[in-house]
Structures are given as structure tokens and as C-alpha cells.
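Engineer: Quick paste of what Swiss-Prot says about this protein:
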- HIS30, CYS34, CYS37: Zn(2+) binding site (BINDING)
- 1-87: topological domain 'Cytoplasmic' (TOPO_DOM)
- 109-213: topological domain 'Extracellular' (TOPO_DOM)
- 88-108: transmembrane segment (TRANSMEM)
Amino acid sequence: MSCSKDYLNLMHIYLDGDITREDESKLSRHLEDCESCQKHFHELNRTITLMRSAERVEAPDGFTENVMANLPSEKKTVKYRRWFKLHPMWTAAAIFLVLMAGGMISTWTHSSDQLVVSAQNELIVDGDTVIVPAGVTVPGDVLVKNGDLLLLGTVDGDVTIFNGKILDNDSEMNGEGLMASVGGVNGELETIDRMFEWIWYNIKNFFKGVFSF
């Protein structure tokens, strides 16, 4: 088609429905005299008519769900990595707790049976027994590991026993989780003879020290 592009533009304007009466008359006169433009115009008109008459194709019911269900599932390792990237603080805290627990388990399993006592001068050590003498008040918390504690006096604080028991004059005291103001202890009595209790005790004391600053 060797005619001016102006007529081609007029064809598009006509098909869009925006042509003026003057331009429409001008295009009509040209199409009557130009067979090539007339053929091109009919092809454009037919194409648009076919496109408008074509039915809209819709996907069958459940098509999207079926496609999503057939997609390969995401590996769990990828999910975990994404979660770790989105929660760096929780990840660091979890790693710290795992390492801390591992170190405490190692300490528990490889520790010797040697008696360990907190450093109050008022305490007396007799073999595997730590004695709070009668009439004596021991200030602060008392810790005894791999031994027993005989209470004849008073402890002005908490008492914690690892791998041992708390004694009074005549019998063993059940100190687990007990709060006492009678029997020589003005604080919390706690006996620890299992690994997980040991881990929890250290974690609790660690965070208690952190939040005390």
C-alpha cells in the first residue's frame, strides 16, 4: 500500500470510533478510489470483528488449586533457613542456649565427686557433710555440691544442694521448691540431683544475673 500514512491513521481512528464526520467523508472518498486501501481496511475491520465475537475462555473450576497442588513442595531446610533469616535475634538466642546447655551437660557428666562449698567462714566441713553450727547465722546464699548440709544454726539466704541432701538435727528435710522461715533457712531450699534440674538452675541464674544489671 503506497498511499499516505494519513489514510492508515484515519482507518485506525475510524475503527476506534473517534473519527470526525469530515475525516470519515475524506476516508470514504479515498477508499472508493483506492483498491489497496479498501482491501487493507476490510482486513482490519474483519480482524476486529473476529476478536470481539470470540468467547471469553475461562479456566475450569479448581484449575488454580490443582496447579498449586502439583507444584513441588518446598523443602523443610529452605523453610528453616528463611525463618532463621527473618528472626536473627531468636536464632542467636537459641544457639546460645544450645551451647550453654551442652557445656553444662559436659560439666555434669565429667564433674568429679569432690565436695564443693560456698566460701562462708561460718561453715564447718566434716567429711562429705557441711555443718551450719548451732547459734551461728550464715549470711548470704549457701551452695553445697556432692555433699550434705546439716542445719544446726541459721542460713540467712537461699540454700542449694547438688547431689546431696539437707539435714536438720534428726532427719532429712525435703528441700525441693520449699520456702522456709523455720528450721534454719530464711530463704529458698532447693535440691538438685538430675541433669535437667542442673541445666535449668544455671540458665535461671544466668538470666537473673543479666537482668540484675
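Including glycine, each Cβ sits where the backbone N, Cα and C put it.
Worth saying up front: this structure is predicted, and the values here are computed from it rather than measured.
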Engineer: With every protein chain in view, what's the tally of Cβ atoms within 10 Å of the Cβ of CYS37 (Zn(2+) binding site), excluding that atom itself?
Structural biologist: 21
Engineer: Just counting, how many other CB atoms are there within 10 A of the CB of HIS30 (Zn(2+) binding site)?
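Structural biologist: Neighbour count, Cβ to Cβ under the 10 Å cut-off: 18.
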Engineer: Excluding HIS30, CYS34, CYS37, please set out which residues of the same chain place their CB within 8 Å of the center of the CB atoms of the Zn(2+) site, keeping sequence order.
Structural biologist: CYS3, TYR7, LEU27, LEU31, GLU32, ASP33, GLU35, SER36, GLN38, PHE41
Engineer: What does DSSP assign CYS34 (Zn(2+) binding site), in three states?
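Structural biologist: Its secondary structure by DSSP: coil.
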Engineer: So what sits near CYS34 (Zn(2+) binding site) in its own chain, CB-to-CB under 8 Å and at least six residues off in sequence?
Structural biologist: CYS3, TYR7
